Amino acid sequence: MASELAMNNSDLPTSPLAMEYVNDFDLMKFEVKKEPVETDRIISQCGRLIAGGSLSSTPMSTPCSSVPPSPSFSAPSPASGSEQKAHLEDYYWMTGYPQQLNPEALGFSPEDAVEALISNSHQLQGGFDGYARGAQQLAAAAGAGAGASLGGSGEEMGPAAAVVSAVIAAAAAQSGGAPHYHHHHHHATGHHHHPTAGAPGAAGSASASASGAGGAGGGGPASAGGGGGGGGGGTAGAGGALHPHHAAGGLHFDDRFSDEQLVTMSVRELNRQLRGVSKEEVIRLKQKRRTLKNRGYAQSCRFKRVQQRHVLESEKNQLLQQVDHLKQEISRLVRERDAYKEKYEKLVSSGFRENCSSSDNPSSPEFFM
């Protein structure tokens, strides 16, 4: 270290006042980079955080704007030590601003995260233990409803991001960080869209509220995944409870058309009226229309048969009357015939006697007849 300080004597100030100020400090304790290297590292770190979209949009003090300049009295330390301290400084700034950073945007290795956890205070370690127990209880309570969502988010998050989220959770618990209102707003919106959810929806909402509370305390992606899983359960329950409303809407739509309208309406007009209706409702209405048409056809056939029977019966009555009239005519003609026959017989018998009496007189006219 002495040789490095000797090599950098040209960088030290020459004024007596500055030398007295420098002598008040133990220069052997300073193992930091030079100002240009530190500035480049801070700028690159800020660019990576801004590109990841993890900084807050509110006008607050950020790590990049409030970083104090590093003194340039000593030479840069070896590469391994500088990288390790750079990671530790990143964790220092990250724990100072838990509500502005996104742990998934930081590309740290698990070893660096473990070292950062070890270097933190015992209070932060206790916060991490509480967060781990809360995460285990949340995972056990979520069960089958949010298990898939938690598993998927855990796989996407990775071990490094999980440890980073634990550090942020402990810092947020220590400093009383702001809760994540995004999850609660999401669940409230879900309840607004599905106000008629039954028991499954209520269970999903309860799990979603528990997951949202875990997200407010932890602030990590695992809590966010649990909240998403609970919200999905509530949505599924609400969707299952909406089927009676669809059925009620179908009954109301059935009242829209009377039986006469369904029968008299053409197929094209009916299809135009049924646009936007579910397939089951269309099939049911068309089946009802077919049943009504068949019933009407059967009734018309029955009416025609009855009408034809009445016509045939009336014609039969007319024919019977005509037969009776003809019978009466026949009986009258028979009586006339009998009368004429008797008269003829009388005339014949009387004429034969006259012929016998006048046969001797050939000059009589009856003789030549």
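The chain as shown is numbered from 1 upward.
Placed from the backbone N, Cα and C atoms, the Cβ positions cover glycine too.
Swiss-Prot has this to say about the protein:
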| type | residues | note |
| --- | --- | --- |
| COMPBIAS | 72-82 | compositional bias 'Low complexity' |
| COMPBIAS | 180-195 | compositional bias 'Basic residues' |
| COMPBIAS | 196-211 | compositional bias 'Low complexity' |
| COMPBIAS | 212-240 | compositional bias 'Gly residues' |
| DOMAIN | 284-347 | domain 'bZIP' |
| REGION | 57-82 | region 'Disordered' |
| REGION | 175-243 | region 'Disordered' |
| REGION | 284-309 | region 'Basic motif' |
| REGION | 312-333 | region 'Leucine-zipper' |
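Note: the domain 'bZIP' (284-347) comprises 64 helix, 0 strand, 0 coil (DSSP; helix = H, G, I, strand = E, B). Computed over the region 'Leucine-zipper' (312-333), the whole-number mean pLDDT of the model equals 96.
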